[in-house]
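Per Swiss-Prot, the features are as follows:
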TRANSMEM  36-56  transmembrane segment
DOMAIN    39-321  domain 'ABC transmembrane type-1'
TRANSMEM  80-100  transmembrane segment
TRANSMEM  154-174  transmembrane segment
TRANSMEM  176-196  transmembrane segment
TRANSMEM  261-281  transmembrane segment
DOMAIN    362-599  domain 'ABC transporter'
BINDING   Gly398, Arg399, Ser400, Gly401, Ser402, Gly403, Lys404, Ser405  ATP binding site
Amino acid sequence: MASSPKTNALSSSDSANATTWQNFKRLVSYAKPYKLGFVAAIIGMLGYAAIDVYFLSQLKPLVDEGLSGANANFMKWAPLFIIVAFTVRGIAHFIANYCLAWVGNNVVADLRQKLFEHIMSMPVAFHDQTSTGSLISKITFDTEQVLNSVSKSILTIVQQSAFIIGLLGLMFYYSWQLSLIFLLITPIIAVIVSVVSKRFRKVSKNIQGAMGEVTTAAEQTFNGHKVVLTFGGQQREFSRFAKINKHNRQQRMKMRATKSASVPIIQVIASFALAFVFYAITSDSLRDSISPGTFVSIITYMTMLLRPLKMLTNVNSEFQQGMAACTSIFSILDHEKEKDNGDKQLERASGTLSFKHVDFSYKNTNTMTTSDKEQDTKLALNDITFDLAPGETLALVGRSGSGKSTASSLLLRFYDATRGEILIDDTNIEQFQLKDLRKQFSYVSQQVVLFNDTLANNIAYGKPEATEAEIIEAAKSAHVMEFAEHMEQGLETNIGENGALLSGGQRQRVAIARALLCDTPFLILDEATSALDTESERHIQDALQTLQQNRTSIVIAHRLSTIENADKIIVMEQGKIVEQGNHQSLLAKQGAYAQLHSFQFE
């Protein structure tokens, strides 16, 4: 991809408040790598307008000399001239359209790529508070709006503006008195365009928001279609989508109403100027000073001006739509990326891990609502302290919401601790570069994420350079081969979106195979065997025991039967450690762990 300009040092709110001209200049800066194509497009547009103006400039000689027979050569060469002129005009039109489309598509492709990369570089807190549908809408709908609106707008604005300037030049050349009358309406038209432009920007912003709502609603419903069918929620979802769809339609009709009203208003105002010219020509002094050809030319030029004025008014709405889309895109690009202030490299950790008086509150992630922030929010983690030696297994247990998964999120620096520090090999994890830190961990969560790709590529996602033998070995260890061998293409079988063609247990085994292949010093298992049947779980537990040898493991468990052999077990309640020890010592205490154990094995 071509190099993109540096993101302006604006906050997202500053970007939203930037003027149309500021946003346009910023957008044009993305076209710098394609400036030759842009220059060619401008030349084509100006050439197209020049041919049209030259045609009209021959109207006076045609009336005064050609039709009267005063210049026979004029009429003789006119047919050939028309053919040549239209050929040149067609070539100019092609150059303008093709080159502008080439520049526009490249700019939008770069912008879309940069937007995608920026969104993927945003902190987890940003994704927590932003709907996936709205982000997808920005990447698809908003960027397409920039392409369709701005590219078409530039073509019309440059071409028609050059045409208008050419016509005005001809009008003043033949009769400055009559032409001056037409210019008197310019301030009025400028005021109307300014008012209408503000309306266009406001409605365009609303349309983009409405499209984000449509995308979000559709995505949520499609992802949860089984739940909708199970609970008979079709009519409820139909009604909800209809309401959102209606809002989108209303915003579009507001845009159409403004656009439809602005064009005839400007044309009516222009007609007053035209009528006044007809009235002025009744003056004897003015009528005697111009020839019939001049008068016909002036009237024709003024009439011809109505069409480009209409086109410029129409294209203004599209231009404002494109600028509103730019504002939406730039507001994301101006968000700060995930902070990566670490400067230490880490090739492979020895496996030592420590939490030292760690506190964490989601209040500091900016994901909370205003009402939440006004409350004295309790800590999600409160004074968490423990140490793990290389190869040890720690199990975190407790009721839902006790902070177990939050602790694992801090390890990967999806969030940073509010207080205290987390150490790997006696070094604060915030001192490591993020990429080096995260490649120390394999992570298998309750919510398995697979990609619309082959089984082999999903297993090798964390290690794309893995050999076929390594992939097969990991697949065997996680019991993936048991079902892959029955597929027509084996490990090369495409498993559909998020592994839709696999069962829950099969999807979980693929995720475990992916973790096995990465061969990292740390392993995080967040209920990694929760979706397996009894037989599969037995095989997986054997594989996990092999995997956990010589690796530091953090196991988040609800089923206590899976962590009885853990070196350390920490029982958490409301973000605090209430007990810790091994299985036997905690049972002997007859405390919180023993109570959880008795509940599960009664």
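Glycine residues also receive a Cβ, built from the backbone N, Cα and C atoms like all the rest.
This view paints the features noted in Swiss-Prot onto the structure.
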| residue | record | Cβ contacts under 8 Å, 6 or more apart |
| --- | --- | --- |
| Gly398 | ATP binding site | Lys404, Val571, Met572, Glu573, Leu596 |
| Arg399 | ATP binding site | Glu573 |
| Ser400 | ATP binding site | His558 |
| Gly401 | ATP binding site | Gln574 |
| Ser402 | ATP binding site | Met572, Glu573, Gln574, Gly575 |
| Gly403 | ATP binding site | Ala380, Leu381, Ile384, Met572, Gln574, Gly575, Lys576 |
| Ser405 | ATP binding site | Asp526, Ile556 |
Request  = Identify all same-chain residues not among Gly398, Arg399, Ser400, Gly401, Ser402, Gly403, Lys404, Ser405 whose C-beta atom falls within 8 angstroms of the centroid of the ATP site's C-beta atoms; report them in sequence order.
outcome  = Thr406, Met572
Request  = Quickly jot the same-chain residues contacting the transmembrane segment (80-100) by Cβ under 8 Å, restricted to those at least six beyond its ends, or write none.
outcome  = 37-38, 40-45, 47-48, 51-52, 54-55, 151, 154-155, 159
Message = So if I exclude everything within five residues of the ends of the transmembrane segment (154-174), which remaining residues of that chain have a CB under 8 angstroms from its CBs? That is, six or more out.
response = 41-42, 45-46, 48-50, 52-53, 56-57, 60, 96-97, 100, 182-183, 290, 294, 297-298, 301-302, 304-305, 308-309, 311-312, 315, 319
Message = Over the span of the domain 'ABC transporter' (362-599), how high is the average pLDDT in this prediction?
response = 84
Task = Kindly assign Gly398 (ATP binding site) to one of the three DSSP-derived states: helix, strand or coil.
result = strand
